[in-house]
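**Student:** Before I ask anything, let me first share the structure, which is written out below as structure tokens.
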Amino acid sequence: MKLAFCTVAPVKLVLFLVISINFNNSPVSANFFPNITSIPHSLIPNTTIWESFHNLTGCHKGVKSQGLPKLKKYFQFFGYLNNSYTNFSDDFDEYLESAVKSYQLNFNLNVTGQLDAPTLNHIVLPRCGNADIVNGTSIMRSGKSPNTYSANSTIHTVAHYSFFPDRPRWPPGTTQLTYAFLPENQLSDAVKGVFSRAFERWSEVTAFTFVETASFYDADLKIAFFGGDHGDGEPFDGVMGTLAHAFAPPAGRFHLDGDENWVIDGNFLGAAASVAAVDLESVAVHEIGHLLGLGHSSVEEAIMYPTISSSTRKVELANDDIMGIQELYGSNQNYNGSGQTLTPIGERDTSGAPRLDNLWGSGIVLVLGLLFFG
Ligand SMILES: [Zn+2]
Ligand SMILES: [Zn+2]
């Protein structure tokens with residue numbers, strides 16, 4: 001009975017339209033649009049790579065479903081199933097249940113261990129290609145010690161920012177990082193300007209300055225648009241799905257999916273989510289956080305939250321982001337953040353809060369109690 005239910009469950013919500021074409025070769029150009037209205041209908045896909053996960057609604061431990069192998073791949077890709085996991089069968093086993101629970105915890109969902117609608121609605125969102133859990137140890141939500149970074153000891157809060165394992169960072173004393181664009185991408189000044197603005201978000205709260213250089217291979221930070229498999233073991237997947245990924249310091253590699261419909265002007269007022277458009281600056285600000293050493297956060301308004309809805313914009317650092325980056329590097333002495341750099345996440349004045357109209361996935365926390373293969 002359960003098998004039948006899971007197999008025939010109707011698609012309930014189609015949030016995004018996507019195509020699932022993989023390219024063997026990396027194109028040297030990407031799809032850029034000055035604004036959302038300039039995206040032609042021919043580039044709006046009819047389905048998305050993850051949309052079929054809606055067919056798993058209601059599945060839970062003990063049932064079988066033909067869609068589960070693909071979901072297991074998804075969870076393994078983002079770190080929720082250990083790399084040694086190989087049971088890509090139709091069986092909803094205890095490891096998958098554990099993965100679902102970890103995912104729900106990270107994304108502030110009810111921890112049911114079942115593939116309920118709210119969970120699947122989140123799983124299908126476009127997101128960063130970086131894993132949420134690295135080596136089974138770094139997890140977005142665990143909850144760090146309350147008040148550790150609070151300026152007000154009477155306020156109880158939990159920080160959800162995270163770092164890569166072993167906390168890699170740029171060497172002490174580094175104040176300038178150079179960046180360059182893959183020459184073959186032939187980016188316009190308008191596109192480059194988007195990245196410049198994204199870097200500025202992080203300059204404001206750290207001692208870093210970011211300077212463009214012409215030499216791609218000598219630059220500290222290397223920005224490139226690729227399609228499909230591009231040689232680093234992290235292939236892109238066409239429109240929606242994963243949008244970009246970036247490597248921990250000092251690698252400096254920042255890759256974006258050239259098959260997305262990248263929008264330059266950041267104006268999505270009145271836009272329908274089904275257009276499958278991605279705000280370039282929003283993604284750039286997030287990935288730069290990785291380049292500097294931040295992992296994912298489970299704070300929904302944080303830049304380092306892993307998912308973002310189509311046709312939305314989210315470019316302002318949240319306190320969680322600022323606390324994370326300043327724990328790694330200290331603050332910009334000129335930063336006039338009205339004392340907010342030490343303001344707890346859950347208690348800050350909403351007048352200065354970042355916009356909530358976009359969702360970058362959940363954060364990373366060191367979840368010590370979750371072992372997939374216990
Ligand atoms: Zn990310
Ligand atoms: Zn890559």
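Note that the numbers count up from 1, one per residue, in the order the chain is shown.
Just so it is clear, glycine is given a Cβ too, placed from its N, Cα and C backbone atoms.
Copied straight from TrEMBL:
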{"type": "ACT_SITE", "residues": "Glu287", "note": "active site"}
{"type": "BINDING", "residues": "Cys128, His286, His290, His296, Met304", "note": "Zn(2+) 2 binding site"}
{"type": "BINDING", "residues": "Asp220", "note": "Ca(2+) 2 binding site"}
{"type": "BINDING", "residues": "His230, Asp232, His245, His255", "note": "Zn(2+) 1 binding site"}
{"type": "BINDING", "residues": "Asp237, Gly238, Asp257, Glu260", "note": "Ca(2+) 3 binding site"}
{"type": "BINDING", "residues": "Glu260", "note": "Ca(2+) 1 binding site"}
{"type": "DOMAIN", "residues": "166-331", "note": "domain 'Peptidase metallopeptidase'"}
{"type": "MOTIF", "residues": "126-158", "note": "motif 'Cysteine switch'"}
{"type": "SIGNAL", "residues": "1-30", "note": "signal peptide"}
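Help me picture these features in the structure, burial and contacts included.
**Tutor:** Long-range Cβ proximity for Glu287 (active site), meaning a same-chain Cβ under 8 A and a gap of 6 or more residues, is found for Cys128, Ala244, His245, Ala246, Phe254, Leu256.
Note on His290 (Zn(2+) 2 binding site): other Cβ atoms within 10 Å of its Cβ, all shown chains, come to 23.
Shown in sequence order, Trp170, Leu177, Thr178, Tyr179, Pro250, Gly252 are the residues of the chain, 6+ apart in sequence, with a C-beta less than 8 angstroms from the C-beta of Asp220 (Ca(2+) 2 binding site).
Under the DSSP three-state reduction, His245 (Zn(2+) 1 binding site) is assigned to strand.
Sequence-distant neighbours of Asp257 (Ca(2+) 3 binding site) (same chain, six or more apart, CB under 8 Å from its CB) are Phe225, Phe226, Gly227, Phe236, Asp237, Gly238, Gly241, Thr242, Leu243, Ala244, listed in sequence order.
Under a cutoff of 8 A between CB atoms, and with a sequence separation of 6+ in the same chain, the neighbours of Glu260 (Ca(2+) 3 binding site) are Ala30, Asn31, Val239, Met240, Leu243, Val278. Glu260 (Ca(2+) 3 binding site) falls outside any helix or strand according to DSSP and counts as coil.
Model confidence over the motif 'Cysteine switch' (126-158) is summarised by a mean pLDDT of 63.
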**Student:** Quick one: of the binding-site residues His230, Asp232, His255, which has its CA closest to the CA of Met304 (Zn(2+) 2 binding site)?
**Tutor:** His255
**Student:** Report the residues of the chain - excluding Asp237, Gly238, Asp257, Glu260 - with C-beta within 8 Å of the mean position of the site's C-beta atoms, for the recorded Ca(2+) 3 site, in sequence order.
**Tutor:** Ile49, Gly227, Phe236, Val239, Met240, Gly241, Thr242, Leu243, Gly258, Asp259
**Student:** Expressed to the nearest Å, what is the distance separating His286 (Zn(2+) 2 binding site) and His255 (Zn(2+) 1 binding site) at their Cα atoms?
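**Tutor:** Cα-Cα distance, His286 (Zn(2+) 2 binding site) to His255 (Zn(2+) 1 binding site): 12 Å.
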**Student:** How long is the line from the C-alpha of His255 (Zn(2+) 1 binding site) to the C-alpha of His290 (Zn(2+) 2 binding site), rounded to the nearest angstrom?
**Tutor:** 11
